[in-house]
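**Q** If you scroll down you'll find the structure; I have some questions about it.
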Amino acid sequence: MAEKQAGLVGEPDPEGSSPGTSESWNYDSNCVFCRVAAGQEPKTELFHCENEDLVCFKDIKPAALYHYLVVPKKHIGSCKDLNKDHIEMVESMVAAGKTMLERNNFTDFTDVRMGFHVPPFCSISHLHLHVIAPVKEFGFLSKLVYRQDSYWFVTVDYLLEKLRK
């Protein structure tokens, strides 16, 4: 079910911005990932990201042993809303995902899937990078849901290639 996008977009972080974050990042009170990024979902453990404009947390329905979501604090609907100006942000999201795997001593990056679901196949309408490893552990459904460069899921490499054109 898609997350409702109505609500207060552009509202400042109700808890106040953390040091180094954009003072006016878009906030949608109806978006669960905006609330997670603002620290308003206490059951969601946030992991440190070097880039203060991002948050990282575990997926609630992991497809493999390691399944993290890297999310910009700024509300961006999906990968369809990105352009060349977002390349650096996407690259930072990838770096944050790799760091999470390395912290867990996972370094076989040939067995990692990183990518985004494409609307209307997004369960939450807030941009989020899936960082999943090891891919060899995927069951039948995960192989389908996270199928590389399908109509519903695109890899980071595919997205960056499109953004650079």
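Quick reminder: no glycine exception, Cβ is built from N, Cα and C everywhere.
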**Q** Any idea which of 51-55, 76-80, 106-110, 126-130 is down as motif 'Histidine triad motif' in Swiss-Prot?
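**A** It is 126-130 that Swiss-Prot describes as motif 'Histidine triad motif'.
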**Q** Taking the Cβ of HIS128 (AMP binding site) as the centre, how many other Cβ atoms fall within a 10 Å radius?
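**A** HIS128 (AMP binding site): 26 neighbouring Cβ atoms within 10 Å.
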**Q** If you count Cβ atoms within 10 Å of each one, which of the binding-site residues ILE60, LEU129 comes out on top?
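**A** Within the set of binding-site residues, the most crowded position is LEU129.
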**Q** Over the residue list ASP59, ILE60, HIS128, LEU129, HIS130, recorded for AMP, what is the maximum interresidue Cα distance in Å?
**A** 14
**Q** What does DSSP say about HIS130 (AMP binding site): helix, strand or coil?
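**A** Strand, per DSSP.
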**Q** Comparing the binding-site residues ASP59, HIS130, which residue's C-beta has the most other C-beta atoms within 10 angstroms in this structure?
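**A** Comparing the binding-site residues ASP59, HIS130, the most crowded Cβ belongs to HIS130.
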